[in-house]
Amino acid sequence: MTNKPSAATGRNVVVVGTQWGDEGKGKLVDWLTEMSQGVVRFQGGHNAGHTLVINGVKTALHLIPSGIMRPGVKCYIGNGVVLSAAKLFEEIEGLEKAGVEVRSRLRISEACPLILPFHAAIDIARETFREKGGTEKIGTTGRGIGPAYEDKIARRALRVQDLKYPERFAAKLRELLELHNFVLTGFLNAPAVDFDTVYNEAMLHAELLKPMMADVSRELNDAHQAGANLLFEGAQGTLLDVDHGTYPYVTSSNCVAGNAAAGAGVGPGMLHYILGITKAYCTRVGGGPFPTELDWENPGTVGYHLSSVGAEKGVTTGRSRRCGWFDAALLKRSAQVNGLSGLCITKLDVLDGIEELKLCTGYELDGQTTDILPMGADDIARCVPIYETMPGWSQTTVGVTEYDKLPAAAQRYLQRIEEVTGVPVHMISTSPDRDHTILLRNPYAA
């Protein structure tokens, strides 16, 4: 494995989560970066949370691509990302304190919409308003992601490039703040956001951002032509996609592989291999339907085992993740909308010691059976899972790096996932550590 580009055009891999996020994408992106020269974020914002464990040291990233932990690898934030400059510099400073060089290796698209303080204020006020009104909360992270995307779609967003022109920025900000303060004070019963505070902070960030501003689309295309291997790092998961997820309990961007092209400024022909990251069981943070959910709060239950052994706490919010059995019918939907080339099964080791495993292969819905997850939260909430029961294993799989050394029951479990979903398993993760990975087929050589 090497970080040197090939003589011909590079080969590019897209990494996406196939469930509700938190599948372990960060570790796999970091691992695959050993074979790439550039890592690209193409959607979401600092609502994402990627945890890397390298030589026993845990690092949490929210906005900066996971490839930053590999010396010499360039990292790109594409136009599909909504950018909080405040959170970006908080993250940069934390990495620099740990001895990681960031600023010379990070390129930020000038077309990124900005997340500003009033976006988070609206996000939080809306969730409070829903709760007081007796409506179930969406379960947002409260970081302003949704409101920032709303401004983008409404064609009124302030973008990174606007920071280069203070007078233009001020005029746009004043107009935008007038609208949002009207909503905050007149509808959501929340305090107004001060113009000067927002403007002055933005101008401080502008000077720091300027050296990293770039035409990311052009740089990625040039790097590809020069032979660089690129890795497109998805955030959240397919079932949180604004179109294909459990709507309305979703995020505000497209999390599927196809958005790697639009969110980074490359053609779809540059996406050569799609790797779907999938936990060996299911988890979900926040509200919304979850067909295979177990009792994960009471000791002695399988769900509690998954929650405690899997350390299922959200990286971004610290909220406990809901836990349940593996859902192959859900994964079949994810495979369809992403065009998956292969799977990486993570957290296989968490299943160690569970005597009997269940795998959902379909659902009963309104008197009918279906072998694929329906569209939309209302139908999914009415689904009754159809399970296959499989034997578990008592041997430890922690740190196993060869497929043949996995227990026979673990191998059969993985094979059944392949059979039901129609997608081959190409990688398996057996602990959070970077090196505890089984490689069956290299995405960069496939």
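Backbone N, Cα and C define each Cβ position, glycine as well.
Following the DSSP three-state reduction, the secondary structure of Thr430 (GTP binding site) is coil. The local packing around Thr430 (GTP binding site), expressed as other Cβ atoms within 10 Å of its Cβ over all shown chains, amounts to 26. Per Swiss-Prot, GTP binding site is recorded for 21-27, 49-51, Arg321, 347-349, 429-431, and the stated evidence type is sequence analysis.
Secondary structure from DSSP puts Asp22 (active site, proton acceptor) in coil. When Cβ atoms from all protein chains are considered, those within 10 Å of Asp22 (active site, proton acceptor) total 28, not counting its own. Residues or ranges marked as active site, proton acceptor by Swiss-Prot on the basis of sequence analysis: Asp22.
Swiss-Prot lists Asp22, Gly49 with the feature Mg(2+) binding site, giving sequence analysis as the kind of evidence.
Residues annotated as IMP binding site in Swiss-Prot, with sequence analysis given as evidence: Asp22, Glu23, Gly24, Lys25, Asn47, Ala48, Gly49, His50, Thr141, Arg155, Gln236, Thr251, Arg319. Every protein chain considered, the tally of other Cβ atoms within 10 Å of the Cβ of Arg319 (IMP binding site) stands at 13.
Summarising the annotation, Swiss-Prot assigns active site, proton donor to His50. His50 (active site, proton donor) carries a strand DSSP state (E or B).
What Swiss-Prot lists as substrate binding site is Val315, Thr316, Thr317, Gly318, Arg319, Ser320, Arg321, and the listing cites sequence analysis. In three-state terms derived from DSSP, Gly318 (substrate binding site) belongs to neither a helical nor a strand segment and is classed as coil. In this chain, no residue six or more apart from Gly318 (substrate binding site) has a CB-CB distance below 8 Å.
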Spatial neighbour of Arg321 (substrate binding site) that is closest, considering only the recorded positions Gly21, His50, Gln236 and their CA atoms: Gly21
Candidates Asp22, Gly24, Gln236 (recorded positions) - the one closest to Ser320 (substrate binding site) by CA: Asp22
Nearest of the recorded positions (Asp22, Gly24, Leu348, Thr430) to Asn47 (IMP binding site) - Cα to Cα: Asp22
Asp22 (active site, proton acceptor) versus Leu348 (GTP binding site) - Cα distance in angstrom: 14
Cα-nearest neighbour of Thr141 (IMP binding site) within the listed binding-site residues, Gly21, Lys27, Gly49, Thr51: Gly49
